[in-house]
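Annotated GTP 1 binding site per TrEMBL: 24-31, 71-75, 133-136, in sequence order. For 198-205, 245-249, 310-313, the entry in TrEMBL reads GTP 2 binding site. Look at TrEMBL and you will find 18-181, 192-367 tagged as domain 'EngA-type G'.
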């Protein structure tokens, strides 16, 4: 594994996996091809040109080995939008790193942008496969033969949308690569999965780039720069992290773009796969209603949540500023008083060690198991100190408790009656479990059973 040290973090850069990079102008079907090859939808596809802005990576099983497949933003000579130069620069950087290049063209048209790109990539001819896409029928296959006149040795006809020609393309890629065997040089499963969530433009992509020590995510002042899910791995204190940067989650009334809707829906799905969520809050703006809603989603799914006050360096220092902001957050967010609050500057790299140490602490709490014997001895003591209440002359009885799962941490409490069981007593037991068994910073659940 190729590694680089960033402070106390060891960043996994290549993992010695062959790198297959998909390039082309916007809207020729690059993301559709990417999704077809990996066998699931990861890159967003849409008829609008230029949907993919960042490079999206995925480990891909090919011929008994593993490959790193990369979908790049569309390379264009247009200057109509603020992102085009950045997207072009990022895509060309991926070209230099590629072992195999898949240049995707649309069979229905060869435009000046394609010709410009062909000349740009001609020095990489030895590792380039020309992929003529959208060959959906025999008439288009006749058209596709004209692309051999472009002077490239290998041309593959595909319909990424319908799966046509994919087997032949995979065989051609495999022929050009020396694939590492299963379990050889591939990275081991991460010990901790982290999702970076928050409103648009709170610094999520800047934090990802800081953690990885490289510019993986497109960073701009415009809200909503990230649409695809971006991820990377790094090692900290001997433990591997997998970190995912998501699209910013906005209020539903503000999701006017259907592309953004798909991005947000996938961002919520990422919570399901994470152990810990970094909820980024703009320290200049403070906690908002939308921040609360995002955190509530993570809490309901039993994920560890760290409230990350980013852009702390932009504040004018005043005495006891951090303590005052924490108190304000606790006041407006009482149901998550257990969640750690960490201040950082992702841009300057300040507070990163504290953030990662806190994430490791939450991961350890999420994986903790409590044996039934010690748990019930403690339960008997708690009942003696504060007996269960009565209702209409009938006392509720608490019989015993057992832990049924970790990640999320869930307990089963057996009682004589579930109906009307006081939530205040359940909260009392939850707090005692937290304090005495080391679940101080994560959500836990206690379900009732008769």
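Keep in mind that glycine also has a Cβ here, set from the backbone N, Cα and C atoms.
Curation plays no part in TrEMBL annotations; they are all automatic predictions.
Sequence features annotated in TrEMBL and their locations in the structure.
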residue: 24; record: GTP 1 binding site; DSSP class: coil
residue: 30; record: GTP 1 binding site; DSSP class: helix
residue: 72; record: GTP 1 binding site; DSSP class: coil
residue: 135; record: GTP 1 binding site; DSSP class: coil
residue: 198; record: GTP 2 binding site; DSSP class: strand
residue: 204; record: GTP 2 binding site; DSSP class: helix
residue: 312; record: GTP 2 binding site; DSSP class: helix
Of the binding-site residues 24, 27, 30, 72, 135, which sits closest to residue 204 (GTP 2 binding site) by Cα distance?
-> 72
Between residue 198 (GTP 2 binding site) and residue 30 (GTP 1 binding site), what is the CA-CA distance rounded to a whole number of Å?
-> 28
Which whole-number value in Å describes the distance between the Cα atoms of residue 135 (GTP 1 binding site) and residue 201 (GTP 2 binding site)?
-> 40
Ranked by the number of other Cβ atoms within 10 Å of their own Cβ, which of the binding-site residues 27, 72 ranks first?
-> 72
Fill in the CA-CA distance, residue 72 (GTP 1 binding site) to residue 312 (GTP 2 binding site), as an integer in Å.
-> 32
Could you give the Cα-Cα distance between residue 24 (GTP 1 binding site) and residue 201 (GTP 2 binding site), in whole Å?
-> 28
Measuring Cα to Cα, how many angstrom lie between residue 201 (GTP 2 binding site) and residue 30 (GTP 1 binding site)?
-> 27
Within the domain 'EngA-type G' (18-181) only, compute the mean pLDDT.
-> 79
Using C-alpha atoms only, work out the spacing between residue 30 (GTP 1 binding site) and residue 312 (GTP 2 binding site) and round it to an integer in Å.
-> 39
May I ask for the distance between residue 312 (GTP 2 binding site) and residue 27 (GTP 1 binding site), taken between their Cα atoms and rounded to an integer number of Å?
-> 39
